[in-house]
Amino acid sequence: MEQDNGTIQAPGLPPTTCVYREDFKRLLLTPVYSVVLVVGLPLNICVIAQICASRRTLTRSAVYTLNLALADLMYACSLPLLIYNYARGDHWPFGDLACRFVRFLFYANLHGSILFLTCISFQRYLGICHPLASWHKRGGRRAAWVVCGVVWLAVTAQCLPTAVFAATGIQRNRTVCYDLSPPILSTRYLPYGMALTVIGFLLPFIALLACYCRMARRLCRQDGPAGPVAQERRSKAARMAVVVAAVFAISFLPFHITKTAYLAVRSTPGVSCPVLETFAAAYKGTRPFASVNSVLDPILFYFTQQKFRRQPHDLLQRLTAKWQRQRV
């Protein structure tokens, strides 16, 4: 809910509109979204360009990472509208269709990132815990592209109702763009919002934790293969586990906890406006964490992929050497 509202609360019903003091959104969301745009846009473009340049040697993890970067790029391209909106004191001048599209992109990126990170983690789990099994190697990159197609279809199906519930409205003689739904639809939105959290976050999160618990047990076993190659493999898997867990903890967990609490409170009859405002502020205050995911994902890519991490350094060395030769 993205607005300072009027002051109507029917007895025995959830508060439909309350006066919110939300100056913090202009002070918090505008600079955070600006940083995500300025940093995340070029980073994700670089990730996409590097993966496409290496398309002949793509691994399945790289295919998932490419789709992850595409989701982040689409979201970053929608940020200028939100930055303008919050910089003008939460006034939305772009129309109802743009409002619905921007809200859809946010949640599509959010849940797409969760699912693609889960795919990357599961791929890592198979390589560590079932390295000799052939059943998961069939199909190669083609199978990975099929999985990505299924993920995109699932994300679209999950998040499409967001574009239905999101809408513009008039508050205090200005047009606003509701994030979840107009206040009058709060009880109708609740089942969908809870289902989206369970299916789009909780279940993938549990699957990811299960994968990494199994991987940790396997990597800590003393009877595993020895040698520098095996040690590097263990180290790489450990880095991936720590970084992905950090991404989930920073980007997704606070947002979904506060969102779930806010959805429950705003649909509860008899809740006072000050209480609702407190939960709304907590929810909206964690939204930047979810947006920063578009910056953390490409950093995760460079942190865990040594081959791609060397490419910018090698390119810089070649350009420097060429520039020095031209000076001679």
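Every residue gets a Cβ built from N, Cα and C, even glycine.
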Consult Swiss-Prot and decide if Asp90 and Val275 are found on one and the same side of the membrane. yes
Which of Cys77, Cys99, Cys273 is the other half of the disulfide bond that Swiss-Prot records for Cys177? Cys99
Among the ranges 102-122, 145-165, 195-215, 281-303, the one whose Cβ pairs under 8 Å to the transmembrane segment (237-257) are most numerous: 281-303
Provide, as an integer number of angstrom, the distance between the C-alpha atoms of Cys99 (disulfide bond) and Asn173 (N-linked glycosylation site). 18
The correct DSSP tally for the topological domain 'Extracellular' (258-280) reads 17 helix, 0 strand, 6 coil
Grab the pLDDT values for the topological domain 'Extracellular' (1-27) and give me their mean, rounded. 57
Are the transmembrane segment (281-303) and the transmembrane segment (63-83) close, by which I mean at least 3 Cβ pairs under 8 Å that are 6+ residues apart in sequence? yes
